């Protein structure tokens, strides 16, 4: 049997309420004669049991065992009929409202929490209502009895009178808590939500017989019992141990609900008990003859009682809610060490790394809640593996300090699911199903505020990092004070940068806020991460667009021909090397009124070039001829380029089509359809460098003989080389290789008729495996010295 305690101290003793009182006589069982008085329960200390343990005398224990083992209503109890529509409503609750059977435990604990709140509120004006000793301890206990299949939940709350049991548990619409709030409206801000009627009946999801033992300060102790068959019974409790004050609910679980008894914590301890005489005599008979000295020693031992060691099952309370409610305290009162310790307890993170940051705040207004968010020190290894198929959330939802669920994926968007934390709302209802709670209007407001606070928390990481651009104007002394935070945002970006990019893709409302958190390397970042604000601060006068280039690696991009003219003119270009960046830039069209321009696509403008018009006219014949020569290559046009310096030509795509890098990404998809990809593949444009000698020579050759097949072959070879250098896959690698070999053939001045030498056909001999000689029997294996 395992017992849990849900308060700040262990509770096992009911001493003050169970001590015999000479002036008071206990009422006898209804089945016994009224003239015979029952003995008052005795409190005994059980040897070998857990410290602070408690046991009643045998008669009380026997009566209690009989009461909890039965599943029929007591014949002496007063019978009542449920409200007419109770049966129908119970069917709705069990079959529709509560799709998750675990809901019953939350309902009962939330009701118990409300009962504690009631007595606590009354004690503000009358301290005597709490009683003394253990009765004054406001706590909830959960007790499992696997053998009898009974789950018990007990609280030391306000308890219920006989009339309360009839009204609150016999009528679905009646709510003891709401009635209490109506009476206490003048008392101030008391907003207890638990509705004992509806939530209570979820117990029949797992139980076929329920007992409710309750004791109110103004009444005797009563037992309510029902099998949910249309009736219930109430009788005065003379057989159970006195509660002092509060309520205990006993669920007799169905066979299919045994899983709620599996989490047991049986501990066996070695205890010494008197040995049986038979066992002792057998040991003596089997012992060998002893000497006179040994006999004297045995006589001394016989003076001590003989004992033996056996295994005895004991039980103890285990404190479950050992996490202190840090989120309920003022942020000014909580130390960094306390925040770190709470995070490790919350996240079950047993490492030494502190969380990167946290945000502790209280939201007020129409929706009131307290929240504490953490940025973990490391990302889970599977954070992005099943991003769109997983609904995992790392936020725990509480309502008035009662844990509701950690499965509310609507509290934060999926891209912020890496955050850990707690949300405790005073507005949300307690006793409704999780499905209904997800549709509550307050959740949208909570989600909106959580997103804003989460993004502010991440932005604060950058503001506190001395390596960040935002701190460039700070003095050395100020930066030294921030030394502990040095590099923290770069660490965050390496762990969770993909989440920020996913947010830009998914969250249009906060896209600009998320864009400020974006980091990248560029042609001027010197290997460090830069922000868009830092890029804008370095833009050249007159520059209107933000230039970027996508590819598989930084090293590859740094050698790209698309950068030649840009770097020569001292323009900064952003490097996007993550495959996700291609999708990102389809959504991030502009930032701070500046548009993004992929330098590998059409539309690049680097200022006016007065010579460009004349160059286009000069190379008009070549561009028209070249386009015609490349008809089989699906080239849309051939143009004079303003982006090249050392390279003869490049292939660019249309502004809204796929880039070369995006084409590779899509082709690598497992379920990609090449026939459908043709719609998104951008039109290819060959841009030529009018200052390059190869291009000039081609222009002159075309002017002399534009029908030369050899010249057309050269033009196709130059195009295929540019296609490959621009990052595209060659449609026909074999043709390209043949053209290269022909060029090499010609450069070596080989005869056009030179052929590959024929191979002599020699007769093939079958291979014969050489067998190692068998070692002689009894001989040692020999080794070569070189082998050793």
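Think of each number as a place in line: the chain as shown, counted from 1.
In case you wondered, yes, glycine gets a Cβ from its N, Cα and C as well.
The signal peptide annotation in TrEMBL covers 1-25.
The feature domain 'Histidine kinase/HSP90-like ATPase' is assigned by TrEMBL to 100-257. This prediction places the mean pLDDT of the domain 'Histidine kinase/HSP90-like ATPase' (100-257) at 77.
Under the heading ATP binding site, TrEMBL lists 107, 111, 155, 160, 168, 174-176, 195-200, 247, 434.
Annotated region 'Disordered' per TrEMBL: 264-310 (among others), in sequence order.
What TrEMBL records for 271-300 (among others) is compositional bias 'Acidic residues'.
The region 'Disordered' feature in TrEMBL is assigned to 748-788 (among others).
Per TrEMBL, the feature compositional bias 'Acidic residues' maps to 755-770 (among others).
Annotation source TrEMBL lists compositional bias 'Basic and acidic residues' at 771-788.
Annotation for residue 247 (ATP binding site): same-chain Cβ neighbours under 8 Å, separated by at least 6 residues, are 112, 115, 154, 155, 157, 159, 160, 212, 213, 214, 215. Least crowded of the binding-site residues (107, 155), judged by neighbouring Cβ atoms within 10 Å of its own Cβ: 107. Around residue 168 (ATP binding site), taking its Cβ as the centre, 23 other Cβ atoms fall within 10 Å, counting all chains.
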